[in-house]
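Annotated features, as they stand in Swiss-Prot:
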ACT_SITE  ASP13  active site, proton acceptor
ACT_SITE  HIS41  active site, proton donor
BINDING   12-18, 40-42, ARG307, 333-335, 415-417  GTP binding site
BINDING   ASP13, GLU14, GLY15, LYS16, ASN38, ALA39, GLY40, HIS41, THR131, ARG145, GLN226, THR241, ARG305  IMP binding site
BINDING   ASP13, GLY40  Mg(2+) binding site
BINDING   ALA301, THR302, THR303, GLY304, ARG305, LYS306, ARG307  substrate binding site
Amino acid sequence: MSNVVVMGAQWGDEGKGKIVDLLTRESDVIVRFQGGNNAGHTVLVGEKQYILHLIPSGILHEGKKCLIGNGVVLDPEVFCREIDSLRAQGVDMSPARLMISRKTHLIMPYHKVLDQAREAHKCKDAKIGTTGRGIGPCYEDKSARIGVRAADLAMPELLRSKIEAALVEKNALFTGLYGQQPLDADAVFEEVMAHGAKLVPYLADVSSEIHDAWAEGRSVLFEGAQGTHLDIDHGTYPFVTSSNTVSGNAAAGSGVPPTKLDRIIAIVKAYTTRVGAGPFPTELDDATGEYLQQKGHEFGATTGRKRRCGWLDAVVLRESVRLNGPTDIALTKLDVLSGLKEISICTAYIYRGEQVAYPPQEQNGMAHVTPVYETIPGWDDDITGCTTWESLPAPVKAYVLRIEEITGVRISLVSVGPERDQTIRR
């Protein structure tokens with residue numbers, strides 16, 4: 001039995017969906033433990049592409065149980081739409097194999113209105129590039145102890161009272177600060193309950209489900225969303241998400257003790273990407289950056305926004321290792337680098353006149369660093385057909401081993417293409 005946490009080591013979009021899909025074969029239960037539908041996992045199965053925003057990608061594997069933990073914020077409308085879409089494609093979406101924690105907080109219609117109004121109201125330099133999905137405002141209400149939880153859907157009077165109380169404050173903001181029309185409490189209640197009727201059968205005690213699985217000797221895979229450097233505490237604040245994306249939150253966001261987590265896999269893209277605003281020291285605003293963007297199909301699964309591209313940043317990776325304690329690394333999109341004569345790796349920053357090995361912790365400090373690069377030979381070979389470590393060209397292996405050396409973490413999986421079987425185990 002193995003309990004594995006999969007988390008992103010950069011700014012998200014590292015290719016977690018494919019790796020989770022691969023590891024799901026070896027797991028019995030898959031748990032999503034944080035974030036909301038601001039993240040998207042793209043999974044390619046044969047000729048069919050699935051984009052999942054809330055439901056764990058393990059749902060595509062027959063016989064696997066998928067759980068949504070208390071650390072997630074869930075939009076009932078999006079959840080119901082995702083269920084309908086997957087069911088239409090022949091996926092079993094019964095409550096016996098998909099469950100939501102009763103403690104999971106719900107993204108309400110007023111959260112989305114507030115998120116979008118707040119971002120639109122900011123001056124250009126203050127915008128953080130939110131997806132406008134209501135994630136942040138939902139987490140705000142959770143911390144303020146005024147949020148709506150999934151269990152409230154089964155208690156209509158409690159739900160109605162929470163909505164009415166929330167709109168006293170939210171409508172004051174909408175009308176007084178943002179010039180928006182107020183929301184009607186009855187209309188919000190009816191909208192939420194319409195989706196809630198479909199959602200209630202999926203409610204469960206997720207913590208107990210996981211512990212029961214362990215008691216039966218089954219293995220659990222904890223599926224993270226986004227990436228370490230979008231973490232609310234440890235990321236490039238304020239250009240971050242509203243939850244903890246580091247491996248430690250797998251326990252808190254699922255209702256299990258951290259001593260049960262025995263393997264942590266950090267997903268690392270072979271180059272670096274970022275969506276939206278925020279510092280990006282190794283960003284390439286040139287032909288090489290465009291090459292990576294086009295060849296890597298770097299468009300956000302959730303927003304469709306073009307991802308910014310740059311060289312691999314080992315400073316960021318060192319910090320990720322320090323924060324997450326990974327047992328091993330899965331390196332993705334290595335095939336995208338084929339065709340480049342030289343490849344650069346950022347091994348340090350110059351910050352305030354000194355060379356540093358870790359990111360500065362001051363707000364906006366990352367915007368004022370100069371990357372220090374080392375350059376190694378690239379390769380022209382098409383590696384998408386390679387199936388073993390030995391079959392990879394020497395320059396490819398040298399690049400992988402250099403990343404391993406810099407991070408001090410073994411690279412156990414190397415992805416050389418989007419398909420499930422285009423993955424090399426070491």
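Here the Cβ of each residue, glycine as well, is placed from N, Cα and C on the backbone.
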Among ASN38, THR131, the most crowded of the binding-site residues [Cβ within 10 Å]:
ASN38
Measuring Cα to Cα, how many Å separate GLN226 (IMP binding site) from GLY12 (GTP binding site)?
4
Please report the Cα separation of VAL416 (GTP binding site) and THR131 (IMP binding site) in Å, rounded to an integer.
30
Distance, the residue listed as 'active site, proton acceptor' to GLY304 (substrate binding site) (CA atoms, angstrom):
12
Given the binding-site residues LYS306, ARG307, and counting only Cβ atoms in the protein chains shown, which has the most within 10 Å of its Cβ?
ARG307
Would you pick out, from the binding-site residues GLY12, GLY15, GLY304, the residue whose Cβ has the largest number of other Cβ atoms within 10 Å?
GLY12
Taking Cα atoms as reference points, rank the recorded positions ASP13, ASN38, THR131, ARG305, LYS306 by distance from LEU334 (GTP binding site) and give the first.
ASP13
